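In what follows, a structure is listed as structure tokens, so that the remarks can point back to it.
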Amino acid sequence: MSRTPLHLVFLLCFLILCVQSHSSRFASISSSSDLVSDGVNDLQEPSYLRLNTLPSNSAPEEACEQSYGFLPCTTSVLGNMFLIIVYGYLMFLAAKYLSAGSELLLEILGPGIVGGLFLPALGALPDAMLILVSGLAGSAEVAQSQVSVGMGLLAGSTVMLLTLIWGTCVIVGKCDLEESGVSTDIWTSYAARIMVISVFPFLIVQLPQMLNSTSGRHLAVLIALIISISMFIIYCLYQVFQPWIQRRKLAFVKHKHVIFGLLRHLKQQALGRLLTENGEPDKEIIDKLFSRIDENKDGRLSASELRALIVGIQFEELDLDHEDAVEKILNDFDTSRDSHVDATEFGNGIIKWLSQVQGSRTGRADDGPHTMKFLHNFHQETKREHDLLDVGEQSDEVVEDVEGGKGVLIKAILFLLLGTAIAAAFADPLVDVVHNFSNATNIPAFFISFIALPLATNSSEAVSAIIFASRDKRKTASLTFSELYGAVTMNNVLCLSVFLALVYMRGLVWNFSSEVLVILVVTVIMGLLGSFRTAFPLWTALVALLLYPLSLVLVYVLDYVFGWS
């Protein structure tokens, strides 16, 4: 309820502007003289509001055209700035409703087709809508001038996610490292690599420019469009089928964690010796360990004695249930199936596990008494496998019936419909306002959309990511960065597909070399950084943050100094 007044304020201001716009238009039509000013078109702006710092090819100032014939429009700087804020806030609400509806739908239906196909597309829907309408209106000439708004949003969204938001998450994270910074799992590195691969269509569409060819540009756009759509489908299908693959293997990886934890604990009790000088299991030490664990000295280990042993074992970052660990040990050691482990079974089980640890190690297995070396290699391999499958741990949970499931489903559908309706209704007016603001200030539309529009469509996602990263946990940091990489991947496949389809279907000229170069540079730098590192000190945040202003400078220099545009 606390947000209702804010909505009412925006609605009231919006209605006032609508009434003022209609009154102004009526006054200008009914009066044939210039003695009466309408207060909008005839108002002389102060010189400080007319920005002429950047060159522009825009036409002389013309009367604005109302979207849908009734929404307000203005040619003044402050008026367009206000409209950008209003329409931007409405797009923010659209993104928020779509996100809320998607999460409710996932809560009800669980992972699978919904999580793999619909949620990624719904998350990118506001951006895709804005890109689509930027090139649909008017003639080809008008579309060519306005489509730069779509390219600005596409580039600005990608750059903002990988620079401002990424860097802020590193600063507020500060988990696992002695110095400020964050660390992630290897699954996050694979998400970064997928993101780097997703820039391939950008390279295809730029080939004619790189080869100084003008004849194959339209064909390059078509080929890039086909590849981009194909990559979008493959990416969605990958997310659909990956969860059950992870669930199938996760139980085995948990088992290997039990092996490592128990052997490490026993090694510590045996003062570092479980193997002889020849690399063979030391049966004398193993028998002494059995006697130490056998508290009642009956020659058998019960489930309660194994549980007491397990309680003192740290299973690294895996939150493993103690009962589950006892069950795994009994399944491996208790060959007689009497729910107890005698000395022979214990010795054979330890020897079996030591052999498994040695077999997992690359290289020779006869390194003498270096048990620690075997355990270290085994642990690193197990930890890596668990990191790869850790994302499936959440999807391994049974999706329980949500209380009031039918009501929640209706609420989710309403959220999705409302978010889609708002995005569809106000995407075109927002693009028009950005174009009008560009004309009023002589600032190229690309720079306006690069800075302003991603704040509207990605601000909710940005706040969630920063809050999530601030929890100082390796797992939350991993999920946060994976979400950022996934959002950029959707930009590179879905939003780019929409943009390429516009250019191809409308017969527009592809002259976005500098913008594409910025996307490639930022995505490749941050993608490689995330692909081959799992620890991100504070200096990596500085690199990311500096890439944002450098991207703007690079586009300006290439377009307006070297004439790429």
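Note that Cβ sites are derived from N, Cα and C of the backbone, with glycine treated the same way.
Noted in TrEMBL for the protein shown:
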- 281-316: domain 'EF-hand' (DOMAIN)
- 321-356: domain 'EF-hand' (DOMAIN)
- 1-21: signal peptide (SIGNAL)
- 77-98: transmembrane segment (TRANSMEM)
- 105-133: transmembrane segment (TRANSMEM)
- 153-175: transmembrane segment (TRANSMEM)
- 187-207: transmembrane segment (TRANSMEM)
- 219-241: transmembrane segment (TRANSMEM)
- 408-427: transmembrane segment (TRANSMEM)
- 447-469: transmembrane segment (TRANSMEM)
- 481-502: transmembrane segment (TRANSMEM)
- 508-529: transmembrane segment (TRANSMEM)
- 536-558: transmembrane segment (TRANSMEM)
Can you tell me which parts of the same chain pack against the transmembrane segment (536-558), counting only residues 6+ beyond its ends and a CB-CB cutoff under 8 A?
54, 155, 159-160, 162-164, 166-168, 170-171, 177, 179-184, 446-447, 450-451, 513-515, 517-518, 521-522, 525-526, 529, 564-565
Below 8 angstroms Cβ to Cβ, which residues of this chain, lying six or more residues outside the transmembrane segment (187-207), approach it?
216, 220-221, 223-225, 227-228, 231, 235, 387-391, 478, 481-482, 485-486, 488-489, 492-493, 496, 500, 510, 513, 516, 519-520, 523-524, 526-534
By DSSP, how many residues in the domain 'EF-hand' (281-316) are helix, how many strand, and how many coil?
20 helix, 3 strand, 13 coil
If I count Cβ-Cβ pairs under 8 A between the transmembrane segment (153-175) and each of 77-98, 219-241, 408-427, 481-502, 508-529, which range comes out on top?
481-502
Given the transmembrane segment (481-502), which of the listed stretches 77-98, 219-241, 508-529 has the most Cβ pairs that are under 8 Å apart from it?
219-241
